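For reference, TrEMBL has these:
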ACT_SITE  C12  active site, nucleophile
ACT_SITE  R18  active site
ACT_SITE  D127  active site, proton donor
DOMAIN    6-154  domain 'Phosphotyrosine protein phosphatase I'
Amino acid sequence: MALRSRSVIFVCFGNICRSPMAEAIFRKMLEERGLGEKWEVDSAGVATWFIGSCPDPRAISALSSRNYTITRRARQVTDNDFNYFEYMLAVDDDILADLERMAPDDAKSKRELLGNYDPSGDLFIDDPYFTKGDKEFLKTLDHCKRCCEGFLKRVVYGSK
């Protein structure tokens, strides 16, 4: 499978909280700028636990409260993803380490932290899954949004 330029996959643990939030945010950013057709955007998890599940209801609620939509089911990263997506953006260092371990020898994708694009320098996006309230999901959403804005500016528009 050939590397698809202008493509990004956001990766978290189970693909039910952080990565689908980042996917929804970045997809909307592109669409609002008329770039939705020029980029392929996806998300996945490194674990198998939630394959086929909808995003966490609290993630859906947080996204809805900010006018984002997500209509996907969780999936796991595949070998093909490493040679299809130009960028594989991990939400924390554990996920990035998992991606490096999972990557086939011929992997061509750029694997890095989504947090590298956070202008405030906050590298790791906290997992809100084990928290009790919606507040942590909104905090995670805001962090993902800052990172996606940084990625958009640096990679899509080529500015620092």
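Placed from the backbone N, Cα and C atoms, the Cβ positions cover glycine too.
Model, not experiment: these values are computed from the prediction.
The residue listed as 'active site, proton donor' and the residue listed as 'active site' have their C-alpha atoms 7 Å apart, to the nearest angstrom. Mean model confidence of the domain 'Phosphotyrosine protein phosphatase I' (6-154) amounts to 96 (pLDDT, 0 to 100 scale). Counting residue by residue with DSSP, the domain 'Phosphotyrosine protein phosphatase I' (6-154) contains 63 helix, 24 strand, 62 coil. You'll find the Cα of C12 (active site, nucleophile) roughly 6 Å from the Cα of R18 (active site). Counting only residues at least six positions away in the same chain, the Cβ atoms of F10, C12, V91, I125, D127, P128, T140, C144 sit under 8 Å from the Cβ of the residue listed as 'active site'. Neighbour density for the residue listed as 'active site, proton donor': within 10 A of its CB lie 18 other CB atoms from the protein chains shown.
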